[in-house]
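This report refers to the structure that appears directly beneath it.
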Amino acid sequence: MVKRNHKYQSGEGAQYMTRKAAMRKLQLSMQDFRRLCILKGIYPREPKHRVIAQRGSTDIKILYHRKDITFLLHEPIVWTLRDRKIFNRRIAHARAKGNNLLKNVRMANYPEIKLDHIIKERFPTFIDAIKELDDCMTLLFLFSTFPAMKVVTREITSLARRLTIEFMHYVIAAKALRKVFVSIKGYYFQAEIKGELVTWIVPHYYPFQPQRKEYVDFKIMKSFADFFTVMAGFVNYRLYNSINMVYPPQFSVSIDSDESRNNEETFVSERIAALNMDLLRSDRQGTEEEDEEIDLKLLDNDKDSEQVRKMHEEALSLSKLKNLFKGLKFFINREVPREPLVFIIRCFGGKVSWDKHLFVGSTFDETDESITHQIVDRPSLTKQYISRDYVQPQWIFDSVNQRKLLPTNKYFIGAVLPPHLSPFNRDDAIYVPPEEAAMQAGDEFEKQERAEGISDDEDEDFGMEEARKQVQLDYALVKAFREEKAEALNSGEAKKEQAEEDNEDDDQEPDQDETKKQRSEKKQKMAVVSGRVFKENPKEQKQLTKQEEALRAKMVKSRHKKLYRNLLDKQKKATKEANLLREKRQQIDKQKRKEQTQKRKAQRKEILA
């Protein structure tokens, strides 16, 4: 007898499992199940046919893949979570009895969760871990600003603070920072680590405001923080070893003072948090710079292909960016946020200091005459030095994004700042702000000038050889032209003699043949005719594009039509948003022009009065 196939025993109905069934199978509570899924990187799935996956149920339920749940059954953490549940019950029992000794024993023997094997499992290679650093560093920088709470303890916040400071020191030592941006959310930083771009956000330092549980669940965030702290420890250790730096970070110069002798660990941690001192290396520092110089020399030898030329230009701009603030000394006023600016300036080779009474780690005072720039964020200053420029903090960010030192006249104290443009815009963006378009045009003009300057230098070096080659080519061309002309004249004379003999034989030819010959001779002669501009009809062009799009849509396969429609909808949405931005910009410009005209009229009235 043939075996009967029961409903939902195969196919999509057997592939998925509800969250309740998964918790029953793993014998875990809701909190432990969530924590286990976060640590293992398992998320709910969306089936193609939800009713079949839910075995006929029309309610929307959270579904997991059955293979993921069976994968969790072999996880050692499941046993630790079950042991924790038993320990929690015993601790509550001892607390209810008032037996503090037994409770302390239970707390001391409380089972700990080890995540080392999960890190190795989720990130088989070091590059895989670097690709996940975006979320890791963003969350750790957020946790480093939290105060001590019931769920987020002081240990977690201090550990997050230490790991983020270590990561920032690596970026400073490797000069890996590429882009910076300030927004309402915080400070955006992008670094290039092992060829991968890592972008993270550092929040603004505002007082902490407690949030409701419906909006923010700190227990779930704590599970992510536990995983990311272990991951960041592994990554920092590998990164420090890759550039031959001692881990955990230590100073290259021993600091002997009364404060350091009394509490050495606290003093060293404060100095490291200052981000203003070089850390200890296991070998000399000039190895990376020498390697970069060798790479640039290799690229200089071969500039024939366009790809190599682009790589050479990018390498040159990158080498200039790494030493953008080299030789400059900055002083930060007390109203300016210290940490992000110190981090940026140190990444690009600058020296920075601040008021020594404000925070530990300052290297020079405000009265130092060698200071080149002072960063101020107030409308006026009582005392100013002639030997330095007083700029607002935006000058630092814009200079880094433009990869050059911008003029400081637009960033003086009290000046209306230019718009702070985002460096994370894509090349295929539909809407480009006019300021950014002007800056791009200026960069292209500078590149052309640089290319012309390079060509002039090459002409100076190899000018004699190229001139000789050009003279030889010109002489060969002139010689060939003269030979061709002589051959043409000889052939023309022979043709004329033959034609005269034919005319003598046939004297009675009509005059029409002569006119035809004259016309043919005129046609054979070269003539330059002025061209006419062809005007395209925009309506016809639009109609043609629509017809082409319709034909293109017909050629799409039936299984890809949904994807094609989604792409078209996305493109339409992007164009609509770009048009809205253009309209808003036009309104703003119109309002500004109106205000300027009103100011001029008011000034004229005052002058006339």
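Yeah, the Cβs are placed from backbone N, Cα and C, and that goes for glycine too.
Annotated features, as they stand in Swiss-Prot:
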{"type": "COILED", "residues": "481-509", "note": "coiled coil"}
{"type": "COILED", "residues": "539-607", "note": "coiled coil"}
{"type": "COMPBIAS", "residues": "444-453", "note": "compositional bias 'Basic and acidic residues'"}
{"type": "COMPBIAS", "residues": "488-498", "note": "compositional bias 'Basic and acidic residues'"}
{"type": "COMPBIAS", "residues": "499-512", "note": "compositional bias 'Acidic residues'"}
{"type": "COMPBIAS", "residues": "513-524", "note": "compositional bias 'Basic and acidic residues'"}
{"type": "COMPBIAS", "residues": "533-552", "note": "compositional bias 'Basic and acidic residues'"}
{"type": "COMPBIAS", "residues": "554-564", "note": "compositional bias 'Basic residues'"}
{"type": "COMPBIAS", "residues": "567-609", "note": "compositional bias 'Basic and acidic residues'"}
{"type": "DOMAIN", "residues": "320-413", "note": "domain 'BRCT'"}
{"type": "REGION", "residues": "443-462", "note": "region 'Disordered'"}
{"type": "REGION", "residues": "488-609", "note": "region 'Disordered'"}
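Sequence-distant contacts of the compositional bias 'Basic and acidic residues' (533-552) (same chain, six or more residues past either end, CB-CB distance under 8 Å): none.
Mapped onto DSSP classes, the compositional bias 'Basic and acidic residues' (533-552) shows 15 helix, 0 strand, 5 coil. For the coiled coil (539-607), the model's average pLDDT works out to 88.
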